[in-house]
Amino acid sequence: MPYYKRFDAPPPDPKVLQELTAQQRQMQGNIILQKPDFELKYIAGCDSSFIGEDTILSVFILLTYPRLEVVEKVWHHGAVDLPYIPGFLSFREAPNLLKAYEKLQQKPDLIMVDGHGISHPRRLGIATHLGLHLNKPTMGVAKKVLVGKYNEPAATKGAIAPLVYKDEVIANVVRTKDNIKPVFVSPGHLIDLQSATDIAMHCALKHKLPEPTRLADHYAAVFKKLV
DNA sequence: GCGACAG
DNA sequence: ATCTTGTCGC
């Protein structure tokens, strides 16, 4: 049984958070950051939105790579148990994301997640979390920093700056569009920082968010109206 | 003790 | 994430 299911409706009290923290620490040793050893033919983007207070709707968009043509769109919604707590996002969103993932006919070679990968207090952001559960390459693209410090990258598209936390480069701050706030790209699992950064840039067309994430974000709003 | 704090 | 008006720019 996936370990997160052992926490069916855990109340957000300090004791439970300590247990969740312990679980993340335990998983740290399983994270693999390496040059990709897969053929990137299909890439998926995922995102979640909320309907009211306790219902989550997750979306997965499958695209071809490197052409980025949409070939599949799936979604799933259900109840959420935990409230949002910085550092524990995956316990709130991963369960439903995994159910949406199961609906994909064709599984992707890499998943681009909205949120951080290893750029997390315990190196277990939601992208890494999903990667370990699925034993699948994942990378994170976040709109805001969680931990770490950085210097603003140049204002032109393509400019990058390292995000440092405890003397370690945990992500790249990437300018995906001229004069627009940068995004934070980090490896999730089974990929390295440089490759994740290259892929994010390749997917950065005319918007701030790379296509997989942008489309997942877009369709999350679309599907929400159908619920 | 005082901020910071993915989605 | 979500609540929300007008506004600046391609």
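In case you wondered, yes, glycine gets a Cβ from its N, Cα and C as well.
TrEMBL: automatically predicted annotations, no manual curation.
In this structure, A:D114 (Mg(2+) binding site) is part of a beta strand by DSSP. In this view, A:D114 (Mg(2+) binding site) is surrounded by 25 other Cβ atoms within 10 Å of its Cβ, with every protein chain counted. Under the heading Mg(2+) binding site, TrEMBL lists A:D47, A:D114.
According to its DSSP assignment, A:Y84 (site 'Interaction with target DNA') is coil. Long-range Cβ neighbours of A:Y84 (site 'Interaction with target DNA') (same chain, at least 6 residues apart, Cβ-Cβ under 8 Å): A:R92. According to TrEMBL, the feature site 'Interaction with target DNA' maps to A:Y84.
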For this session: Please list residues from the chain of A:D47 (Mg(2+) binding site) whose Cβ is under 8 angstroms from its Cβ, counting only those at least six apart in sequence.
Result: A:S58, A:V59, A:D114, A:T213, A:A216, A:D217, A:A220
Exercise. Under DSSP, is A:D47 (Mg(2+) binding site) helix, strand or coil?
Worked result: strand
